[in-house]
Amino acid sequence: MTQTPVKIAVTGAAGQICYSLLFRIASGSLLGDTPIELRLLEITPALKALEGVVMELDDCAFGNLVNIEIGDDPKKVFDGVNAAFLVGAMPRKAGMERSDLLTKNGAIFTAQGKALNDVAADDVRVLVTGNPANTNALIAATNAVDIPNNHFAALTRLDHNRAKTQLARKTGKTVNDVRHMTIWGNHSSTQYPDVFHAEVAGQKATNLVNEAWIENEFIPTVAKRGAAIIDARGASSAASAANATVECMRDWMGSTPEGDWVSMAIPSDGSYGVPEGLISSFPVTITNGKVEIVQGLDIDDFSRAKIDASAKELADERDAVKELGLI
């Protein structure tokens, strides 16, 4: 019996992140040999460019990619999808107020949330990469009234990966030696990369690095890495964001490695004092697609203040989109 293809929607499909992401998905980085059908959404002016991307996907002759559909109508593109990568978003431009950014993205994610609600498969998982990712995910989830909130998440895996690399470099080890890294809060400069539970080659990270490095180098480097990449290459991180996006959804559709956890922004259940309903990053384990927040971690005063500050920013963003009538 022929296996039914998994339908995967990707928005902003002609953009920079997707120029890396689509080829990773199609080559099997997400679901291995499982047959897939790509559903690609773009704004009308970008459809011509998207046709060129589809030509390149065709020219790769990926064995598990059985079909590609493109369009500018989310209700058509999202029909029956099992996974949705919401990558397309309005970037903040010079002189743009935060409320303008939230309004413009609010319109995008309101429409996409409603479309997913109406036509996506019952098992759909929705991962938001387009920034401000946490609040965009909240808007989409709130407008998808029939889809459980725990089917929505925002990407903090890129921050998680950045943090692992910085700790591995500092300790002279490899990223494979680093376990139990945690990102808390918002995917913004208030995020809190937490090494206090991390291990490097079986040793507590805090026995290998000092607090001055953690506070003055590690946290700012991870939190501001996106800006540093823009300064260096004149464009935002795309390939690394695509890689993290694939890794996050791959784990979400499967399981995290035994004995480790990952970071993922999901609707808070009140754990660690993060107000319920905010889409905030937590340490999570995943077993056969079921996501659970790691419980019982000791949070010292330093970490408490950092987690609270990022949660406050998320609450402020939620309140702002409420005032704008988006949720």
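The backbone N, Cα and C atoms fix where each Cβ goes, and this holds for glycine too.
Annotated features in Swiss-Prot:
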ACT_SITE  His187  active site, proton acceptor
BINDING   Gly12, Ala13, Ala14, Gly15, Gln16, Ile17, Cys18, Asn105, Gln112, Thr129, Gly130, Asn131  NAD(+) binding site
BINDING   Arg92, Arg98, Asn131, Arg162  substrate binding site
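Where Swiss-Prot records a feature, it is marked here on the structure.
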residue : record                       : Cβ within 10 Å
Gly12   : NAD(+) binding site          : 23
Ala14   : NAD(+) binding site          : 23
Gln16   : NAD(+) binding site          : 16
Arg92   : substrate binding site       : 15
Arg98   : substrate binding site       : 12
Gln112  : NAD(+) binding site          : 28
Gly130  : NAD(+) binding site          : 26
Asn131  : substrate binding site       : 21
Arg162  : substrate binding site       : 22
His187  : active site, proton acceptor : 31
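Restricting the binding-site residues Gly12, Ala14, Cys18, Arg92, Asn131 to those with a CA within 10 Å of the CA of His187 (active site, proton acceptor) leaves Asn131, listed by sequence position.
For Cys18 (NAD(+) binding site), other Cβ atoms within 10 Å of its Cβ number 27. Considering only the binding-site residues Gly12, Ala14, Cys18, Gln112, Gly130, Arg98 (substrate binding site) has Gly130 as its nearest partner by CA-CA distance.
Here the Cα atom of Cys18 (NAD(+) binding site) is found 20 Å from that of Arg162 (substrate binding site).
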